[in-house]
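Under the heading active site, proton donor, TrEMBL lists Tyr124. Feature annotation from TrEMBL assigns active site, proton acceptor to Phe406. The feature acetyl-CoA binding site is assigned by TrEMBL to Val83, Gly84, Val85, Arg91, Gln92, Gly93, Val94, Leu95, Thr96, Ser119, Glu120. Taken from TrEMBL, the feature domain 'N-acetyltransferase' applies to 1-156.
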Amino acid sequence: MEIRSTTEKDLDLFVDTVHTAFGLVRNAPDEDGGGVLWAAYEMDRGVLAVAPDGRPIGTAGTYSFELTLPGQVVVPAPGVTAVGVLPTHRRQGVLTGMMRKQLTGLRERGEFLSVLLASEATIYGRFGYGPATYTGRLTVQRHRGSFHTPRSPRAAADRPSGSVDVLRRAECGALLEQVYDRYRRTQPGALSRPTHWWARGAGQPPVSRAPRYVAVHRDAAGVPDGYASYALADGTLTVDEIITGDDAVFTALAQFALGHDLVTQVVFKHVPPDHPLRWQLADFRAGEATGTTDWLWVRLLDVPRALTSRGWFADGELVLDVEDPFLGEHGRYLLSVRDGEAECVPTDAEADLSLDIRDLGAVYLGGTLPSTLVRAGHVAAHSPDAATRADALFRAERAPHCLHWF
Ligand SMILES: CC(=O)SCCNC(=O)CCNC(=O)[C@H](O)C(C)(C)COP(=O)(O)OP(=O)(O)OC[C@H]1O[C@@H](n2cnc3c(N)ncnc32)[C@H](O)[C@@H]1OP(=O)(O)O
């Protein structure tokens, strides 16, 4: 088997192989909607596995995204996608070979992390990825969905004095992209959505051109500062996403969704598990959280660079002993944080925590507590307070969340 990089010339072969691996029938490029997603593939960043007889048997791609780290630090983040091996060639190490080629290639390009969405949670841990953001569905019974008056006078005063307009998805032009771009720079765990994705409609609503209504929130000066994309069918109003960096604007858009007549329930498809919305309802049980699941997985490729790149919210020191079995590496690092900035240097000092690179990926964005992984038996804490100190150190300004689908 040969594993090689792809070029533009491989697009057809690559797309055919991905479709066969996923058991999908490929749309013709000129069919309505067909070809939109694969037109966004970056063929200079793909990997193709080829059998000795010359037939392609496996694929893996990479998009060029940006990821927002804790502290609103925006960094390049290769987004791994289109991973597939033909059903006839599985469990023979094809994916393992492609992952090795891809991860070493990313390192050579100077990347210090990569991200993906996993089709199955059992696949990527062995390659050093850990689940770093979580998402879930919140279903609110509309007739029980009234909001409590905020008990904090400050929150009451912060209520936005803006307005909501309803547009059709097709009328939104660049508005959604602009609002999304402002939001994702403030939200740890968020990914960029490249302009050509919006232009092509590559992705899930509202990036796609699927018919949708969009409630656009504007501030008192008329500047759009949030939107909710939604569809209504059979008495259920389904909100694809609410995008805003402002909690009060989120509340206004959620209230707008819950204010619809002829609707029995509102499904918020994609909210972080700790979202305040449930706490805002007068009846906590009017909202039912279901489908909580991992979303963005993170793989660190350069531990010191990764740790010194993110923002930090507590001072402290930790010695981390990190095993990377897939790349056959081991390092022990002293992480010292002062005033939001970290230093991370090799050390021989005794470790506070011993952990696998996948577990460091899981805690990196602040969405998984180190102590959870200690209690799960995956991370070893070598002193009584090591896990508590690690929890305090790795915390982000808010739970990381990623809404992008790729
Ligand atoms: C980011 C994305 O694109 S996610 C999409 C992933 N793709 C899919 O789900 C499409 C359908 N599935 C496939 O194409 C293939 O089954 C793949 C890509 C998941 C795995 O490819 P393979 O070539 O079979 O993997 P490979 O042989 O290298 O397996 C390596 C190890 O992972 C294990 N493994 C591979 N896939 C799975 C799985 N789905 N569930 C559990 N374990 C798995 C293997 O058992 C093997 O374990 P071992 O080292 O202990 O023997």
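Cβ from N, Cα, C; glycine included.
Just so it is clear, the model here is predicted, and its values are computed rather than measured.
For Tyr124 (active site, proton donor), the nearest neighbour among the listed binding-site residues (Val83, Val85, Gln92, Val94), judged by C-alpha distance, is Val83. In the three-state DSSP reading, Val83 (acetyl-CoA binding site) counts as strand. Long-range Cβ proximity for Val94 (acetyl-CoA binding site), meaning a same-chain Cβ under 8 A and a gap of 6 or more residues, is found for Met1, Ala49, Ile57, Gly58, Val85. Proximity of the recorded positions (Val85, Thr96, Glu120, Tyr124, Phe406) to ligand 1: a Cβ under 6 Å from the molecule is found for Val85, Thr96, Glu120.
Here the CA atom of Phe406 (active site, proton acceptor) lies 15 Å from the CA atom of Glu120 (acetyl-CoA binding site). Taking the Cβ of Thr96 (acetyl-CoA binding site) as reference, residues of its chain lying under 8 Å away and at least six apart in sequence are, in sequence order, Phe127. Here the residue listed as 'active site, proton acceptor' is positioned 26 angstrom away from Gln92 (acetyl-CoA binding site), judged by their C-alpha atoms. A 10 Å cutoff on Cβ-Cβ distances gives Phe406 (active site, proton acceptor) a total of 23 other Cβ atoms nearby, all chains included. DSSP assigns Val94 (acetyl-CoA binding site) to a helical segment in the three-state reduction.
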